[in-house]
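Asker: The active site, proton donor annotation in Swiss-Prot covers GLU131. If you look up Swiss-Prot, you'll see CYS13, CYS97, CYS198 marked as [4Fe-4S] cluster binding site, on the strength of sequence analysis. If you look up Swiss-Prot, you'll see HIS41, HIS75, HIS129, SER226, SER227, ASN228, SER270 marked as dimethylallyl diphosphate binding site, on the strength of sequence analysis. According to Swiss-Prot, the (2E)-4-hydroxy-3-methylbut-2-enyl diphosphate binding site annotation covers HIS41, HIS75, HIS129, THR167, SER226, SER227, ASN228, SER270, on the basis of sequence analysis. Taken from Swiss-Prot, the feature isopentenyl diphosphate binding site applies to HIS41, HIS75, HIS129, SER226, SER227, ASN228, SER270, supported by sequence analysis.
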Amino acid sequence: MIEVEIDKDSGFCFGVVTAIESAERELGNTDTLYCLGDIVHNSLEVERLEHMGLHTIDHEGLSRLRDRKVLLRAHGEPPSTYALAKRNNITIIDATCPVVLRLQRKIHKCYQETRANNTQLVIYGKKGHAEVNGLVGQTEGTAIVIEKIEDLDRLDFTRAISLFSQTTKSLDGFKAVVAEIKQRMAEGVEFNYYDTICRQVANRLPNIKAFASSHDWVYFVAGRKSSNGKMLFEECRKANPNTLFISEVSEITEPLPEGVRRVGVCGATSTPKWLMEEVAVRIKELNASE
């Protein structure tokens, strides 16, 4: 008999929940609401909201809008987006995650205080990611984005450095970057670093590893665009090599291998609970005779 368990700690983080609730609330009062970028990196959840009247646009689309309501998702936006909205008489529904908002303010304050002494502001994050674009915008585009240790060659270790992190990055990865910078800094040169990783995200790492290792087989459910999903999946697979990444229920087409009894279903901070529940139902259907 197959036993299927959904990880109670997986699913939307509070920032994503707030953004989706904001969209649903607005769509309850209007037929059309625009969202700048995918509200969440999960295509099925985006489709659900689009059926309610949500229209996803990019920055070019925003520049053409006038006199409309636009939702800013949890990832946050640079100051230039707010300036454009004001010029175009766009009403902003700001669903920026409070953790991201605090980080934006912290980086902006650091930039204002250190720009005169030529300090390098460095962000450990994914280049081009919406959150990172918003953070870089707080420095008038001057921040240096570091994705991996090898990128540190771009820094000048004879000049002061202030290091921040994208909120959804790996804590271990951040610690490794800090250690490497410390080792390379010229003697007497100032290096300040700030652990700005969201603990709701960071705490999922040990939890999801424990969850994965306690099952014979794991389905990790996430959107292909989710950075958090990719990171958590890799950790899941390290803990349990029998971990499969899926984005939709339709990807489960075969019964489980013989001998599998305990199956886990987990996901990213952008994975809706309803999708994990559908995956669990599908697993039971395909393995009903096992």
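Glycine too: its Cβ is placed from the backbone N, Cα and C atoms.
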Asker: Sort SER227 (dimethylallyl diphosphate binding site) into helix, strand or coil using the DSSP assignment.
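Answerer: Assignment for SER227 (dimethylallyl diphosphate binding site) reads helix.
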Asker: To the nearest whole angstrom, what is the C-alpha distance linking HIS129 (dimethylallyl diphosphate binding site) and CYS198 ([4Fe-4S] cluster binding site)?
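Answerer: Just about 16 Å between their Cα atoms.
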Asker: Hey, what's the Cβ neighbour count for CYS198 ([4Fe-4S] cluster binding site) at 10 Å?
Answerer: 22
Asker: For the C-alpha pair, I'd like the distance in angstrom between GLU131 (active site, proton donor) and HIS75 (dimethylallyl diphosphate binding site), rounded off.
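Answerer: Here the two Cα atoms are 5 Å apart.
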Asker: Considering only the binding-site residues CYS13, THR167, CYS198, which residue has the minimal Cα-Cα separation from SER270 (dimethylallyl diphosphate binding site)?
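Answerer: The smallest Cα gap between SER270 (dimethylallyl diphosphate binding site) and any of the binding-site residues is with CYS13.
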Asker: Note down the number of other Cβ atoms within 10 Å of the Cβ of HIS75 (dimethylallyl diphosphate binding site), including every protein chain shown.
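Answerer: There are 28 of them.
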